[in-house]
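Remarks on the structure that follows.
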Amino acid sequence: MHPLDRIRQSRELLILSALGLLLLGYILIHISHILSPFVVAAIFAYVLHPVVGWLERRTGLPRALVIAVLYVFLIGFLVIVGFLVIPALIDQVQALVNLLPAVIESAEQQLQQRPQIRIGDIVVDTEALLKRLDVAAQALAERFSREAVPLLLTTVEVLIKTFVFLVASFYFLLQGGSLVARIRSLAPRRYQRAIGRILSQVNLTFGAYVRAQFILFLIMASATYVALTVLQVKYALALGIATGLLELIPFIGPWTAGTIAVIVALAQGSAPFGWSPLQLALVVALVYFTLRMLEDHFVIPQLVGHFVRLHPVVVIFGVLAGASIAGILGLLLAVPILAALKIVLMSVVEELRHPRPREVILLRGRDALDNLAGRLADPSRRDIVLLIEPGALTWDDLPRIQAVQQIASEHDVQLQVVTPDPVAASIATAVGLPLVTRAPVEWRQEATIVPDARSAQRPVEQGVQPRAGVESGGDAWPVGPPVQVEREVRHGGDRD
């Protein structure tokens, strides 16, 4: 029996799984600060892997050359986009940051003029909003003053992580497929199909999530930019890109983006269409709410579908846990990691609840033994019980049983022998096959049954557990006292 099967059939599985998860969590917590470039590189390589494979098949060029050329084009594209978009974005972000104290002060003045804001049946208490604005302004000022000092060190760290990202992503793209196949090959052959199925489901879920997040970023950033530009809200480009990025953070991100846009609109000195700043802020809030509803009910179901099914409480817990462990990277990766863990956990539970099917094969002679070797190569056969009749095997069949055991080991098929025949039992024990045996009540008149000297022969009751060292394959095969068949052991002759 394979060691993994022994673990699977014991209570140690739960303990080992819990200890493994605790150890993995401990390691991740203590090395999370150095994981970010490698994780981002893995995601980048994962996204580009289909593109690289397609180019490699179409051009016939070596994979390393295809990756290098693709890197050159991507870097060139980013440089061009940077020259066209980045300067305007930086100007708007700097202006927004510099104007942020004035924006908060103007928002406070607008709120002080109205003790309450009524939207239909909803009444908003402006005093509570003022207190929150004061706390947010103080925290923001402290953060900028605290992080302005180590700016040089942060720049150096970013450069180092960028270099690590480029090198790691190149090797992930170059050897990613073979690396996954190598990891899968480490598992026993009988588990490789299940592992491949799990990896396929994880790949499907993770791919759907990554594609959905990228498309959501484009949709929300573009729609927000267009809407804010039409409403003549300042810093529309910066707010649009910030909205797209914050959409990547479940629950928290969209509300944060909408709050920032509403504050900017509320503090804006002028409003279009003869509106007041308060009316403009309400329209901006309505725009964000409408976009969010469209996203939740139409975009996400079409992009992600049924691949990511997690309870909202689990998502919130995962987001908070990811943020505490890995910061922003943990926020972004919490949902796909939770989805992957759910797939693995459900597969393990399914395997434990529904053990692998057994096939019972009756061996009555050498012909059945010859046919068995060819049937073991079938990948669907994973657990086989051999019922060996008395007299079906002789000592001359030992090499053939060894060959069968070798074929079963190569194809990772689990064999188990059930027989009352001491010769077949001895052969099975010699080649290392799990054995279940019992003493026959009445076998042959010529056969002399000699009880073991250490114990007298006694009736065997149904359900008696086997002695130590003998593995039980079912309740129907209790173990009686060992027997010796003198003629068979000495000569291995036929019993007709």
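Every residue gets a Cβ built from N, Cα and C, even glycine.
Annotated compositional bias 'Basic and acidic residues' per TrEMBL: 485-496, in sequence order.
If you look up TrEMBL, you'll see 453-496 marked as region 'Disordered'.
What TrEMBL records for 12-29 (among others) is transmembrane segment.
TrEMBL lists 35-55 (among others) with the feature transmembrane segment.
Residues of the same chain lying 6 or more positions beyond the ends of the transmembrane segment (67-90) and with a Cβ under 8 Å from any Cβ of it are 48, 51-52, 55, 61, 166, 170, 173-174, 237-238, 241. Here TrEMBL flags 67-90 (among others) as transmembrane segment.
What TrEMBL lists as transmembrane segment is 158-181 (among others). Beyond the ends of the transmembrane segment (158-181), by six or more residues, the same chain brings 36-38, 40-42, 44-46, 48-49, 52, 63-64, 67, 71, 199 to within a C-beta distance below 8 angstroms of the stretch.
According to TrEMBL, the transmembrane segment annotation covers 202-228 (among others). Residues 43, 46-47, 236-237, 239-241, 243-245, 247-248, 257, 261, 284, 287-288, 291, 295, 299-300, 303-305, 307-308, 335-336, 339-340, 343-344 of the same chain lie 6 or more positions beyond the ends of the transmembrane segment (202-228) yet place their CB under 8 Å from a CB of it.
For 248-267 (among others), the entry in TrEMBL reads transmembrane segment.
Residues annotated as transmembrane segment in TrEMBL: 274-294 (among others).
According to TrEMBL, the transmembrane segment annotation covers 314-345 (among others).
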